[in-house]
């Protein structure tokens, strides 16, 4: 594993200082000159997103992620890769994920069904009713027969046609709760062919791309030559809006994950005490316009585009959570009420943003063609969620699955506007549902994007102080 940036010896100090200034000058061109202006395929500018995220969203979403309801995520990290025999499992200690002991999980979370955040589902007599509640989809055994039938029907409702992700079976013995605060996303040392194969499969096989057109700077492409990637972007610009959006979402997710690794990098480890922080050299390698042949700034713009998409989804799903029936249930009534208040406050902020992406411009052609394209879009993304089970590093797999599921949930929301508008106030709806797993992934994934944009601002501050 790379040990990051180490102190230069006395004889190397001047050379190191010169190299740092060169690095900073390149970096300044990335974050100040290249990533500015209006984003493609929407009317929003980057400065507006920066200000909105810094002053409204980031402080609140960070606080929300610390709440018990959102910090515990149930995930199966032992599902086999469905596409190839994974031979690059990471044995580095920082790849390890520490599952949460049963005793640490809030009683309301571990006792409930995956949909146990509705008040009508939370009225179980005591914990001994748990087994019966799980059988009935968290149905209160004291409810009337008519109510039971309604809940059973709801629990059996198969909305897989609306899912953009391959969801983990939370009832599987291999599924475990993970405390996200104790397993932060950061650079683990997982890299090389195994990691590249995952992203290569995502881009090359799922982004509506002909095999003859290679993604820029792809080390696994058979013939890279001196191509600067312009043929790739000529192809991309010729696609319909929906397929361009798909590529930008994946590229934005990739950029966000890379930013997290650059901002939370193992800089030094002495006497068993690791030091984590921003690694400018690593940032330059991934985003500098010279080292990436102009690709880095494109990646960062796609990050902002992804932020807009998930921001739009949050503004659209607000009515779902504003209903009195929805209770973010952990068993602590006071904390649950505070958590919901904070969440609704975030939703109000998302609705106040003046330059939302207009998802109605997508799938707006003839009904038959639009329906077919939407289904293709959904299946491609669902396949990407399955590829996340091929990641060899457990911590990378955890955060990859969570962020992919969060984006998949956002897409599900954007394409369910009519169903959300028809939601009944005091009863579950067959037309649109979110499991707790989806809710936790949605808000934490958006929190990761918010953090990425904040990290970019922190790099700007580092540059200013270096002048």
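Cβ coordinates are placed from backbone N, Cα and C, and glycine is handled just like the others.
According to TrEMBL, the features are:
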- 1-33: signal peptide (SIGNAL)
- 90-95: disulfide bond (DISULFID)
- 130-165: disulfide bond (DISULFID)
- 186, 188, 199, 251, 254, 286: FAD binding site (BINDING)
- 393-396: disulfide bond (DISULFID)
- 393: active site, nucleophile (ACT_SITE)
- 396: active site (ACT_SITE)
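Taking the Cα atom of each, residue 393 (disulfide bond) and residue 286 (FAD binding site) are about 20 angstrom apart. Between the farthest pair of Cα atoms in the FAD binding residues (186, 188, 199, 251, 254, 286), the distance is 21 Å. Checked against residue 396 (disulfide bond), the binding-site residues 188, 199, 286 differ in C-alpha distance, with 188 being the nearest. For the pair residue 199 (FAD binding site) and residue 165 (disulfide bond), the C-alpha distance works out to 17 angstrom. The least crowded of the binding-site residues 188, 251, judged by other CB atoms within 10 A of its own CB, is 188.
Just so you know, the Cβ of residue 286 (FAD binding site) picks up 20 other Cβ atoms within 10 Å once every protein chain is counted. Comparing Cα positions, residue 165 (disulfide bond) lies closest to 251 out of the binding-site residues 186, 188, 251. Nearest in space to residue 95 (disulfide bond), taking C-alpha to C-alpha distance over the binding-site residues 188, 251, 254, 286, is 188. Of the listed disulfide-bonded residues 95, 165, the Cβ environment within 10 Å is emptiest of other Cβ atoms at 95.
For residue 199 (FAD binding site), other Cβ atoms within 10 Å of its Cβ number 17. A sphere of 10 angstroms centred on the C-beta of residue 186 (FAD binding site) encloses 19 other C-beta atoms.
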